[in-house]
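Taken straight from TrEMBL:
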type: DOMAIN; residues: 1-229; note: domain 'G-protein coupled receptors family 1 profile'
type: REGION; residues: 258-286; note: region 'Disordered'
type: TRANSMEM; residues: 43-61; note: transmembrane segment
type: TRANSMEM; residues: 81-106; note: transmembrane segment
type: TRANSMEM; residues: 141-164; note: transmembrane segment
type: TRANSMEM; residues: 176-194; note: transmembrane segment
type: TRANSMEM; residues: 214-232; note: transmembrane segment
Amino acid sequence: MTNWRSSIILTAYVVIFLTGLPANLLALRAFVGPELLCALTGFGFYSSIYCSTWLLAGISIERYLGVAFPVQYKLSRKPVYGVIAAVVAWVMSFGHCTIVIIGQYLNSTQQTANTNGITCYENFTETQLSVVLPVRLELCLFLFFVPMVITIFCYWRFVWIMLTQPHVGAQRRRRAVGLAVVTLLNFLVCFGPYNISHLVGYYTKKSPPWRVEAVVFSSLNASLDPLLFYFSSSAVRRAFGKGLQILRHQGSSLLGRKGRETAEGASGDRGVSQAEGAPSSDFTTD
């Protein structure tokens, strides 16, 4: 059951990231293509950010409940609860991020023409900004700061319990700390700059010029997710351990083969040198 759940969560992360990848790649350049595709790729990318924040919060809640209330948690734990939580996170993020599509088309006839192509979800008119900026503020507060506060509280309690329990081994304690650190890096480094741009934009009544660079930081989430799954899933750790064993075995075999070839070459060289000088013991005669 654990393997099944881990596979489902991992697949969800990969699909969510790949859905928004085109928008991430086009973040630093004008979009040359249909305006509808520009809006849809932007919708997929920004939705993936806020899906990730609430899924990370859900993982932190599960970890905290598992160590704080182990008996009650095991008795009430059902896989369907995780599925429901994931669906709720997707609905919230997809519903809120429809502003990407709405903002792209709202009063778009007043937008300044761009000879190089369409600029996705940027260069808004005053009418568009009056709608986009308040929604961005709501996204920042409800889909970033709220799950981040929940995650920080849950992992603070989770790590404190793991470190203060005498029967918990050192390896489990290190995994607990690693899981908390990687999750916090996800929020602060990957999603933090982008959401801070929402606060700055709402205060200044315009999109900050560094917002595009802040969006690119969110792609680091794809690099931290494997670490997150390593610390949180025993199935992933076993698979990683087996992979290392295979690589170590192949490396040892390769080094052993090269060592034998080197030894054979060296013995051959010694035989030749002995034949040229004094006869070796293999060729002595009575």
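Backbone N, Cα and C atoms are what each Cβ position is placed from, and that goes for glycine too.
Given the structure is predicted, the values throughout are model-derived calculations rather than measurements.
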Task: Chain residues in Cβ proximity to the transmembrane segment (176-194) (below 8 Å; excluding those fewer than six residues from its ends, i.e. six or more beyond) - done: 49, 52-53, 56, 59-60, 63, 144, 148, 151-152, 155-156, 158-159, 162-163, 211, 213-215, 217-221, 224, 227-228, 231-232
Open item on the list: Give the mean pLDDT for the domain 'G-protein coupled receptors family 1 profile' (1-229) on the 0 to 100 scale.
Closed with: 79
